[in-house]
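Presented below is the structure to which this report refers.
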Amino acid sequence: AGGGNASLELSSRPPAPAGLNPWDVMLCVSGTAIACENALVVAIICYSPALRTPMFVLVGSLATADLLAGLGLILNFVFQYVIRSETVSLLTVGFLVASFAASVSSLLAITVDRYLSLYNALTYYSERTVLCVHTMLAGAWGVSLCLGLLPVLGWNCLHDRATCSVVRPLTKSNVTLLSASFFLIFLIMLHLYIEICKIVCRHAHQIALQQHFLTASHYVATKKGVSTLAIILGTFGASWLPFAIYCVVGDPNYPSVYTYATLLPATYNSMINPIIYAYRNQEIQRSMWVLFCGCFQAKVSFRSRSPSDV
């Protein structure tokens, strides 16, 4: 499996494979885990009226995109081994492209929201912020949908194998566009997180001046915040950068194991996102208790986190 000189085959054509490709099985298992994790987040946010703030709307958008990506991986496995249709496979790969693009775009929107919550702390909780969040989400999902429609509308290599990329049936120019978009988003997120670190350190310094010294708790909190930001950005980069780079430098004649080996870690980002952005939040933790045990009485006070509470 994956040993031949063929790229990852997302398009289906008869005859059916003689056996299961272990890499495809791992992608399907990854998709199942992603779908289950993010379905729980979506259910919690929809179930809890208190989780209607801009921050949780963005987290819900991320969870929805990752949920769709997980379902797309499952559907791709089914249509590759059970229902082999070229048209359906094109729809599936377009669905996957749109879902993962929406996931990455939602991550960028969350980063922008965190930056604004610190940079404009006094005016953050206003109608303007709600409008800004809805505008970002509309733009993110609109662009993602357009990217997903490109293979379906004809930007594929089904009729010209020479234009194929390392991920069939996407063309080389298509994956180059997707990779360039990812690099741009990654650089913007890197810049914003650097600015967030500067603001956090400046706030800690101002507190120290007011209290005439920097307490150990302030130092620990600042260090923890910066470390958390590094983990968030590092996880995102480690998951997606290998696949994005390989899409640019890879050749469709290379063994398909290279494509699988870089694509699988990229899917793990959608598996880690709920842990970083949802399950660590105390409001969502409380909502989980209420969702699974309606008799639960919140006797312990929970501190509502703001987007800037990293």
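One-based numbering along the chain as shown.
For all residues, glycine too, the Cβ spot is worked out from N, Cα and C.
All TrEMBL annotations are machine predictions without curation.
Here TrEMBL flags 37-277 as domain 'G-protein coupled receptors family 1 profile'.
Listed by sequence, the residues of this chain that lie at least six past the ends of the transmembrane segment (23-48) yet keep a Cβ under 8 A from its Cβ atoms are 1-2, 56, 59-60, 63-64, 66-67, 69-74, 76-77, 80-81, 256-257, 260, 263-264, 267-268, 270-271, 273-274, 278-279, 283-284, 287-288, 290-291. TrEMBL lists 23-48 (among others) with the feature transmembrane segment.
As annotated by TrEMBL, transmembrane segment applies to 55-83 (among others).
According to TrEMBL, the feature transmembrane segment maps to 89-110 (among others).
Beyond the ends of the transmembrane segment (131-155), by six or more residues, the same chain brings 54, 57-58, 61, 65, 90-91, 93-99, 101-102, 105-106, 108-109, 112-113, 116, 169-171, 173-174, 177-178, 181 to within a C-beta distance below 8 angstroms of the stretch. Annotation source TrEMBL lists transmembrane segment at 131-155 (among others).
Within its own chain, the transmembrane segment (175-194) has Cβ neighbours under 8 Å at 97, 101, 104-105, 107-108, 111-112, 114-115, 147, 165-167, 229, 232-233, 236-237, 240-241, 244-245, 247-248, counting only residues six or more beyond its boundaries. Annotation comment: TrEMBL describes 175-194 (among others) as transmembrane segment.
According to TrEMBL, the transmembrane segment annotation covers 226-245 (among others). Away from its own ends, the transmembrane segment (226-245) comes close to residues 104, 107, 178-179, 182-183, 186, 189-190, 193, 196-197, 200-201, 262-263, 265-266, 268-269, 272, 276, 310 of its chain (Cβ-Cβ under 8 Å, at least six residues beyond either end).
TrEMBL lists 257-279 (among others) with the feature transmembrane segment. Beyond the ends of the transmembrane segment (257-279), by six or more residues, the same chain brings 1-3, 7-8, 23, 26-27, 30-31, 33-34, 37-38, 40-41, 44, 59, 62-63, 66, 69-70, 73, 100, 103, 107, 110, 166-167, 231-232, 235-236, 238-240, 242-243, 246, 250, 285 to within a C-beta distance below 8 angstroms of the stretch.
Outside the transmembrane segment (89-110), and at least 6 residues removed from its termini, the chain residues within Cβ reach (under 8 Å) are 10-12, 58-59, 61-62, 64-66, 68-69, 71-73, 75-76, 79-80, 133, 136-137, 139-141, 143-145, 147-152, 156, 158, 169-170, 178, 181-182, 185, 188-189, 236, 240, 266, 269-270, 273, 277, 307.
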